[in-house]
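J.: Have a look at this one.
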Amino acid sequence: MSCWMPGCPALSMCRGLAALPITCLERAKDLKTRLGILLHKPELGHRIGTSSKLQLGSRRRGGSAGVALAEKGSSEYPLEKLPGQSCTMELRSGEPSGKVKEREKGKRAHRDSSQEVLEWRESFDQLLKSKSGVTAFHTFLKTEFSEENLDFWLACEDFKKTRSKTKLASKANRIFEEFVQNEAPREVNIDHETREITRKNLSGATSACFNEAQAKTRTLMEKDSYPRFLKSASYQDMTKQATSRGVSKRSHT
């Protein structure tokens with residue numbers, strides 16, 4: 001609607017706008033659009049506004065400098081998938097390398113533990129070499145009320161590592177009183193002759209003073225408790241789980 005009244009403010013505004021260059025009007029429209037987006041979503045408006053500036057700088061320069069600036073802008077403001085828009089670029093470096101290494105380490109440990117469980121049935125030595133194997137065997141022995149045999153064997157292993165002569169003597173007496181002497185609180189099943197030999201060894205305690213008693217106890221566990229452990233429901237369940245994990249791993253490779 002035109003106004004022909006002299007001194008009309010609207011008429012003066014229209015004439016002023018008509019006198020502006022077309023590029024200024026386009027620029028004003030562009031700014032209006034950006035402001036609308038910025039008010040709608042601040043973070044998105046910031047990124048789109050920055051991208052538009054970079055692209056405008058690239059077109060104006062028309063050279064490699066403008067392109068380099070645009071590439072720099074894209075690295076500073078990673079692409080974000082917008083609603084209804086497919087994003088063809090992914091930033092693969094988003095996950096810290098430490099987490100990747102930790103996850104891979106966990107997978108290897110899981111595979112190693114599965115293999116270890118299956119190795120326990122190869123020999124009693126393989127079972128005793130494994131910390132988790134000793135724990136599983138100890139749990140089984142508790143169900144048979146004979147865990148003192150394994151505890152005595154472990155105490156002897158620790159005793160052999162003692163270097164101080166003073167500590168060696170005190171440890172020897174404590175182990176003898178707890179496991180070896182008659183009516184000991186946790187008396188192990190050894191013959192009278194072995195018990196007396198061990199008693200005599202205490203007079204000059206060395207790291208080998210329990211060797212015979214430890215060997216007798218180990219033989220008893222290997223011939224008696226160990227076979228029953230391998231046939232127990234708890235170990236059978238562990239082997240089934242380890243085998244199924246192995247099959248699953250092969251099917252995914």
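Every residue, even glycine, has its Cβ placed from backbone N, Cα and C.
Annotation source TrEMBL lists compositional bias 'Basic and acidic residues' at 98-114. TrEMBL lists 123-239 with the feature domain 'RGS'. Per TrEMBL, region 'Disordered' is recorded for 88-114. According to TrEMBL, the feature signal peptide maps to 1-19.
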J.: List the helix, strand and coil residue totals of the domain 'RGS' (123-239) as derived from DSSP.
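T.: For that range the per-state counts are 90 helix, 0 strand, 27 coil.
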J.: Please give the average pLDDT for the domain 'RGS' (123-239) in this predicted model.
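T.: Summarising the domain 'RGS' (123-239) by its mean pLDDT gives 96.
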